[in-house]
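Trainee: Below is the structure I would like to discuss, written out as structure tokens.
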Amino acid sequence: METRSGGSGSASGGGGGGRMRLRKTESAEMRWVVSGGAYEEDEIESSDGGGGTPAAASGSRGGCSDSDDNYEEAEMLRQRLVRTGPRADSLDVEAQDVAGMNRHQEITVGRSIVLAVQTLGVVFGDVGTSPLYAFDVMFNKYPITSKEDVLGALSLVIYTLILIPLLKYTLIALWGNDDGEGGTFALYSLICRNARVSLLPNQLRSDTRISSFQLQVPSVELERSLKIKERLETSSMLKKLLLMLVLFGTSMVIADGVVTPAMSVMSAVNGLKVGISSVNEGEVVMITVAVLIVLFTLQRFGSSKVALAVGPALFIWFCCLAGIGIYNMKTYGSAVLQAFNPMYIYYYFERNPTQAWMSLGGCLLCATGSEAMFADLCYFSVKSVQLTFVFLVLPCLLLGYLGQAAFLMENLTENQQVFFLSIPNQAFWPVVFIAILAAIIASRTMTTAIFSTIKQATALGCFPRLKIIHTSRSFMGQIYIPMMNWFLLVSCLAFVTMFGSINEIGNAYGIAELGVMMMTTVLVTIIMLLIWQINIIVVLCFLTLSLGLELIFFSSVLGSVADGSWVLLVFAAVLYLIMYIWNYGTKLKYETEVKQKLSMDLLMELGCNLGTVRVPGIGLLYNELARGVPGIFGQFLATMPAIHSMIIFVCIKWVPVPVVPQNERFLFRRVCPKSYHMFRCIARYGYKDIRKEDYISFQQLLIESLEKFMRREAQERSLESDQYDGTDSEEEVASASSRALVGPNGSINSLGVPPAEAAGTTEHPTIGSSMSFDGSLDEAIDGRGSLDDELSFIHKAKESGVVYLLGHGDIRARKESFFVKKLVINYFYAFLRRNCRRGIAALSIPPSRMMQVAMQYMV
């Protein structure tokens, strides 16, 4: 069968002379399909993408060894309804409105002001506190020998701010957001949505019909994009390499989240040493520990509750930076403005090459928070973040650094605590207080970014499941992960007590930041080629400039590995192994379940009673298979004396889109003939979706969606009966069945016969909302009776009770497996699986409604 992916990918035609053309719309797909090419209606597809065209797929039906697929494909082919017009819902033809995204709603002026204030408090905290420590770390190892050294260092800072936070992130990377979600995994999700690069083979063709997907017209301009897409999809090595890069970047993000609070808070508390000479380094560490404990304790209150309070505080902080900078330039002179000439960088390296090279690690710290700014995009619009950074944040930062440089040019020996020494005496203590508050805000910024990243990684199968608490009723992007919060606190306290100095922490800080930055550069480059389809010259310029600059910085910070930065690298490596082992074990488990699923031939041999007694009720069997009957169902048949009269195989599936609209949540298909009363249900969630419904609400939504599916199925069969039995000749059959229109309101119109209003005659009736059938009245009555019987059967089964059938599928490595595989699967993955949060826990099902069966797979 042919596989297709959404996004800007290809529109493969094929087979039977049919051709499909797609054009990009806001949230819907326009389809004109000749009946020969209508095979795209097959929702459940082969995971390996074999067979290039619908013709090939249909030709293989007779000889397919998987009878489950044979039956489903035959059922799909028999329902020959061909759609054109806006596809408002992948399941329900009665949907009247295209499912939209909340973020596209019009925002009022008042709301924009509130969001702007929150943007300061949530997005720019980290980058805003870099003036506290950037010059301190730059001049830590070598003293300042001349004013030209200050101008050279300042010029480095200015152009680092312009090239990394402004050019790379604000003007380019922010546009790589996945419907408002930023960060490493959002970029990976965007790539997965446009090319089948995920190592977990559970993608469905129906996933690309979610209204969050957007498709483009194939053209000459797409040729390069399609070649890259094909190469990514066919090369398992490239898929693994891409995943490894993403996991490495994510581990660095988490490591960054440990270093950022330690660095920001300790650098702010260091200001006490300037105001109170009796304060020593040990007391600074103890105060830092106390502030960090308070910080992580308050994290559970969420961003929206705190952002309105800290937003104005951070605005005052940026005003302080600008004011102090202007004061220092007025006091010590404006000669520092010469640093805007990049030649001073050349002069700096020419005079002191070793000192200049070593200072690059500290210079990079002025750009810290750039990745957090991207990862914390959340519900803020790209333009609002861009405007705030360009017109407020960047000017204030530049003025702050210019003022510190002006102070240094007149005080060459005062190369530590530069920021606090440059504060006017009258404003010292208020600024120290605001600096500590800004440092706390910066720490929250990075922690919030980590929560968002962990949620994305969990949804894409790359991190063990953890309890996630949504802290805002209005914005789904604001979350709190208790276990991760306390893990970050413990790790952060360990780093503070271990290093005890902002200079040593600063070295580790640079390594963490650069690791994330380089991964972002690679992923954005792939997006430029695959999705944005930008001119190759522009892409090469971006890659060369960004990656080249980051590698230069990286060469500098590597020199500090022996000074203690190796601890951070070990920490990141452990996180990387956890994520890789979880993804590897999850992939093996899924592939094994696919291989051991029950064949349709066996179910047919058992008959509609499945070889046991069917008792009234609905059984919801949870499994991870997106297609087929899971092998765990055989365990239920073997161990239980009876089985429910209706069985629904439920798969909770995370798709690579931020949000799945509620009316597109459930995808249903029959597993066997009607008499079996067996269905497959795929409950689809985006990685920003909130699974807040309890088990009662969930089963109510599921059953309502099942009833809609049955009505749609009956409507399509009624259309078939009318098209094939109600025409007078083969020519009329071909005309009526070649194309049909399902309107946005669910009405069905034949495109072979013009509507009466358009033709000006009633000779050929339109099949619409008030339709008249030329076919057999008996067949229509039988079809309606069959639908009523099925709906009545569902209601009776529901009244008898709904039971959740849970299978604990565990995996163990075979005896002949390599030692490393046994160690990874039998111990590490098993440990993670035992201690992670079970997916069914979110539904809070009472034990009286659960039945559990264990099954072990050998891999």
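Glycine residues also receive a Cβ, built from the backbone N, Cα and C atoms like all the rest.
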Trainee: Swiss-Prot tags one of ASN411, ASN745 as N-linked glycosylation site; which one?
Mentor: ASN411
Trainee: If you look at how Swiss-Prot annotates this chain, which of 360-380, 633-653 comes out as transmembrane segment?
Mentor: 360-380
Trainee: Per the topological domain annotation in Swiss-Prot, are SER381 and GLY500 located on the same side of the membrane?
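Mentor: For SER381 and GLY500, the topology recorded in Swiss-Prot gives opposite membrane sides.
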Trainee: In Swiss-Prot, which of the ranges 113-133, 134-154, 449-469 has the transmembrane segment annotation?
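Mentor: Spelled out, Swiss-Prot records transmembrane segment over residues 113-133, not the other listed ranges.
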Trainee: So, by DSSP, how many helix, strand and coil residues make up the topological domain 'Extracellular' (134-155)?
Mentor: 14 helix, 0 strand, 8 coil
Trainee: Considering only the recorded stretches 156-176, 418-438, 479-499, state which has the highest number of Cβ pairs under 8 Å to the transmembrane segment (276-296).
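Mentor: So the stretch in question is 479-499.
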Trainee: At a 10 Å cut-off from the C-beta of ASN411 (N-linked glycosylation site), count the other C-beta atoms across all protein chains.
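Mentor: Here the count is 14.
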Trainee: Please give the sequence-distant neighbours of the transmembrane segment (389-409): residues at least 6 beyond its ends with Cβ less than 8 Å from one of its Cβ atoms.
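Mentor: Counting only partners 6 or more residues beyond its ends, the transmembrane segment (389-409) has Cβ contacts under 8 Å with 120, 124, 127-128, 130-131, 134-135, 144, 147, 150-151, 153-154, 157-158, 161, 165-166, 170, 318-319, 321-322, 324-329, 331-337, 339, 366, 373, 415, 418-419, 421-422.
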Trainee: At a threshold of under 8 Å on Cβ distances, which of 306-326, 418-438, 479-499, 561-581 pairs most often with the transmembrane segment (509-531)?
Mentor: 561-581
Trainee: What residues in the same chain, six or more past the boundaries of the transmembrane segment (306-326), come closer than 8 Å to it by Cβ-Cβ distance?
Mentor: 114, 117-122, 124-125, 128-129, 131, 298, 392-393, 395-404, 406, 422-424, 427, 431, 434-435, 437-438, 440-441, 444
Trainee: Could you give the number of helix, strand and coil residues in the topological domain 'Extracellular' (500-508) as assigned by DSSP?
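Mentor: The topological domain 'Extracellular' (500-508) comes out at 7 helix, 0 strand, 2 coil.
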Trainee: Near the transmembrane segment (241-261), which residues from the same chain, at least 6 beyond its ends, have a CB less than 8 A from one of its CBs?
Mentor: 126, 183-185, 187-188, 191, 197, 199, 232, 292, 295-296, 368-369, 371-372, 375, 442-443, 445-447, 449-450, 453-454, 457, 462, 488, 491-492, 495, 505, 508-509, 512-513, 515-516, 518-520, 522-523, 526, 568, 571-573, 575-576, 579-580, 583
